[in-house]
Every structure is written in C-alpha cells, then in structure tokens.
C-alpha cells in the first residue's frame with residue numbers, strides 16, 4: 001500500500017537554519033542541535049523534534065553547531081568572532097574562544113577534550129578544553145575561508161574544506177597529507193567513521209571518497225544544485241537537499257532516485273541522518289527544521305501508522321500522535337525554567 005511522507009515541522013528559529021548535528025545514542029535517546037542566522041542555537045529531542053532549550057549568548061549569526069557523542073556538551077561557531085562550548089544539560093556557557101574572524105565550523109574529538117575550529121581567517125585551530133586559556137595549535141594552508149572541519153580516523157587526522165578544496169591533515173605532525181581540488185564551490189562535507197567514507201557536495205554532484213586516502217569511490221548527479229547530503233548509517237540510502245526546496249533519497253549502491261519530497265518553502269541548507277537511521281533532519285532558508293521518516297509509515301517517535309478504510313481509496317497516512325499530557329508538561333517546563341536558558345516553547349507539528 002502506498003504511504004505518504006508526513007514530516008514533522010520544528011519551528012522556533014526566526015532566520016535561515018544553516019547547520020544541524022545529531023548526538024550519538026545515549027541512555028536518554030539522541031539529540032539534535034541546530035545553528036541559525038538568528039544567533040540562537042537550539043537543542044531538541046532527536047526522535048520527536050521536541051524543543052529542550054535555546055543557547056543564549058552569541059551576538060551574531062551562528063554558522064556551525066555540534067554535540068559531543070554523549071550529548072553532555074555542545075559547541076557553536078558564530079559571526080561574532082567566537083566559538084563557544086556549552087553544558088548541553090544545563091544550557092550554561094562554559095567557554096568562549098575568541099577568534100580573529102567569523103567562525104564557521106566546530107567539532108569535538110571523541111573524548112570531548114579537544115575542539116577543532118575553522119573560519120574566514122583560513123586557519124584551523126585545535127583547543128585543549130581542559131586548558132582553555134592556553135593558545136590553540138594552528139594549522140595554516142587553506143587559501144580561502146574554511147567552511148567545514150572534522151576530526152577523522154579516531155582523531156588522528158583532520159578533514160577540512162574551503163571554497164574549492166578539501167584537505168586531509170595529519171594531527172600529530174600538523175601537516176597536509178593530501179588535497180582534492182574541485183571546479184566549483186564545495187557546499188558540504190560529511191564524515192562517516194564506519195567505513196571511513198567522506199561525502200562531499202558541489203554543484204549538482206554528490207561525491208563519495210575514502211576519508212583515509214581521499215581516493216574517489218563513486219558519485220551521483222542530482223537534478224538541482226545540492227547544498228548538503230547525508231549517508232544512512234547502514235549505507236543503504238543517501239539523502240540530499242538543495243536549491244529546489246526538495247529532498248532526494250537515493251539508493252547508495254545503484255544511484256537510483258527512490259523518492260523526492262517537497263516540504264520546505266526555501267532552499268535546503270543542511271540534512272543529516274539520525275544515529276539510528278530511522279529519520280533524517282533538514283534545515284532550510286525558511287527558518288524551520290523538518291524531520292522525515294526513512295521508512296515511511298513505520299511507527300516511530302511521534303509517527304503512528306493509521307490505515308484507512310479498505311474501500312475509501314485513500315492513501316495510508318502516518319498519523320502524528322502526542323502524549324495526552326504533552327501540553328501540560330510543556331506549560332510546566334516553561335514556567336519552571338522561565339528564568340533560565342529556556343525562552344518561549346517552539347512548536348513541533350505535522
């Protein structure tokens with residue numbers, strides 16, 4: 001029976017959403033952080049999109065955001081020339097790391113002891129978070145502003161992308177190992193530790209490379225300019241979104257387009273699979289996050305499959321369900337935290 005995709009819409013931001021990241025799976029589920037040009041990164045429950053809190057403190061657009069693996073710390077990169085580290089449980093600001101230009105990207109090591117940053121001053125910086133007052137290690141070599149920087153190979157190497165170049169660095173020697181040059185601007189980069197795969201988007205291309213050697217694996221062409229792509233944890237599918245407001249889902253092995261959905265009202269800037277692979281999140285110019293089911297119709301999170309009457313001729317549609325006490329709980333949370341990081345409660349809706 002045909003099923004219709006019904007995304008969850010997470011509102012609350014007032015400007016374009018430009019980056020998002022999931023935590024790993026914790027005893028409390030998994031979490032989602034979003035970076036937005038409104039300067040107010042938000043933390044949400046990953047499987048439902050329920051708003052948990054807003055990190056307040058930046059004085060400019062936030063371009064990058066990430067969570068450590070167990071979702072105890074968050075890091076953000078902003079146009080106010082700072083990167084910040086936050087307690088993701090209380091919402092408190094822990095460390096402010098001053099830079100000389102706009103910061104675009106942040107990434108924790110697996111043990112959360114070091115933070116990698118990159119931005120418009122073309123330098124990679126590595127901060128020891130146990131000694132935040134110490135000067136960071138710096139790696140130079142990029143010739144334009146850094147868009148993305150990621151730890152890889154168990155933190156022994158670093159991947160970074162500027163306008164038209166992706167570079168691989170050795171952490172121990174702080175030297176460049178190899179680089180890739182593209183004939184158009186690199187729009188995004190995702191690192192998959194299982195299998196050491198690097199996903200790069202540029203123009204209408206979605207390219208897969210070895211994260212160890214940067215050798216090409218395969219590439220696909222999309223119908224429109226792509227801003228972001230993500231590979232499913234089991235490497236069965238990939239999803240991508242870009243300038244035509246659509247999300248595309250492809251078979252990773254064959255490259256066949258399986259589905260495409262339109263839900264956003266502006267270009268899609270970022271897309272990522274959840275750590276369990278059950279959903280993917282997208283962030284857009286329209287100021288919203290949307291959560292999409294990987295397998296449409298499966299009962300998961302707030303989605304519950306409801307079958308229509310047999311003779312009605314209607315499509316089966318996943319129904320969005322809320323706990324009976326949800327509204328009471330939200331009101332109680334808002335009142336309890338009125339003086340903390342929690343501001344007004346954004347909506348999650350179908």
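Quick reminder: no glycine exception, Cβ is built from N, Cα and C everywhere.
Nobody curates TrEMBL annotations by hand; they come from automatic prediction.
What TrEMBL records for this protein:
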type     : residues : note
COMPBIAS : 337-350  : compositional bias 'Polar residues'
REGION   : 327-350  : region 'Disordered'
REPEAT   : 55-96    : repeat 'WD'
REPEAT   : 96-137   : repeat 'WD'
REPEAT   : 139-179  : repeat 'WD'
REPEAT   : 261-293  : repeat 'WD'
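Tertiary proximity for the repeat 'WD' (261-293) is limited to same-chain residues at least six positions away from its ends with a CB under 8 Å from its CB atoms, namely 5-11, 13-25, 30, 32, 34, 36, 38, 44, 46-49, 188, 190, 227-234, 239-247, 249, 300-301, 303, 318. Counting residue by residue with DSSP, the repeat 'WD' (96-137) contains 0 helix, 21 strand, 21 coil. Note on the repeat 'WD' (261-293): its mean pLDDT in the predicted model is 96.
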